[in-house]
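Per TrEMBL, the features are as follows:
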- 86-305: domain 'ABC transmembrane type-1' (DOMAIN)
- 25-44: transmembrane segment (TRANSMEM)
- 90-114: transmembrane segment (TRANSMEM)
- 126-147: transmembrane segment (TRANSMEM)
- 175-198: transmembrane segment (TRANSMEM)
- 230-250: transmembrane segment (TRANSMEM)
- 284-303: transmembrane segment (TRANSMEM)
Amino acid sequence: MAKKNSYDLAASSRRSWKTELKRDWVVYMLFLPIIIYEIVLHYLPMFGIVMAFEDYNVVDGYFHSPWVGFKHFVDLFSGEDFLQAIRNTVVIGVLRATIGFVAPIIFALMLSLINSKKFKRTAQTMSYMPNFVAAVIVCSLFTQFLAKDGPLTLFLTNVFGAENQNWFANDKPPVFWIIYLLMGIWQGIGWGSIMYVAAISQVSGDLHEAAALDGATRLQRMFKITLPSILPMILMMFVINVGTALAAGYDNILLLYMPSTYNVSDTVYTYTYRQAFGAGNNNYSLSAASGLFQSVVSTILLVGSNALSRKAAGSSLF
């Protein structure tokens with residue numbers, strides 16, 4: 001009887017799906033371009049992973065290049081430059097996933113404490129603007145401001161007695177990391193706060209009114225009502241941030257770093273790019289091995305942080 005019921009349930013499910021497909025076929029057709037896009041540009045190129053296990057060359061192609069197994073992974077982890085890139089990636093990724101992640105939350109909470117709607121809208125608009133400025137322009141601005149004769153450098157020198165130098169040419173570990181973090185916060189704090197501002201706006205005003213009648217201050221209401229209410233959103237964004245932490249904003253780093261600062265600015269992404277397309281390199285196999293390593297680690301981080309979020313707060317991305 002139980003077996004028959006399971007068959008009936010499966011058949012009913014198939015009929016329900018077919019009925020839904022027949023009824024809403026237009027909606028499903030709208031998804032078709034997205035599915036094709038994902039398959040062509042994201043799934044088919046994954047076949048290139050095979051290069052990580054070959055001595056790939058353009059003439060022989062994927063199918064005739066000599067198979068070398070894990071040789072390129074051994075070479076990768078034997079190289080001091082790659083281990084250095086891993087260190088930089090981890091440091092920058094941790095900074096982005098902690099300070100860089102918390103900054104938009106704090107900004108959104110600060111906006112929620114402002115009563116003036118006009119001031120709030122002005123502050124939000126001004127904070128969104130840097131996100132729409134091209135990375136090339138942002139990097140160029142910061143490079144000029146922090147050059148040896150740049151206005152920000154002169155200000156730091158005259159007011160705080162800092163050394164007059166080109167700050168982006170400084171190869172001491174904390175300097176590049178801190179500047180890069182601050183640049184990322186300046187560019188992304190407004191845009192990153194949009195989701196939190198939207199979540200805060202959905203918090204019931206009755207809760208705040210009741211707490212205010214009980215004598216709760218604004219800060220107490222923020223920590224006891226607002227933060228717990230937007231916790232699922234915070235956890236979802238945290239999972240996404242952890243999953244992309246190893247990317248470490250590689251486009252900006254490509255525009256900012258130089259050979260003299262590779263020891264503090266080179267990341268796994270930029271190392272991979274340089275091995276494949278750098279002058280005189282064209283080592284596609286080593287680059288593919290590096291990219292595969294990063295993809296595997298990013299997947300583990302994403303799944304792990306999602307499982308941790310589900311276990312700790314009962315909220316997860318998937």
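Placed from the backbone N, Cα and C atoms, the Cβ positions cover glycine too.
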* To do: Decide whether the stretches the transmembrane segment (175-198) and the transmembrane segment (90-114) have at least 3 CB pairs under 8 angstroms, with pairs required to be 6 or more apart in sequence.
  => yes
* Whether the transmembrane segment (90-114) meets the transmembrane segment (284-303): three or more C-beta pairs under 8 angstroms -> no
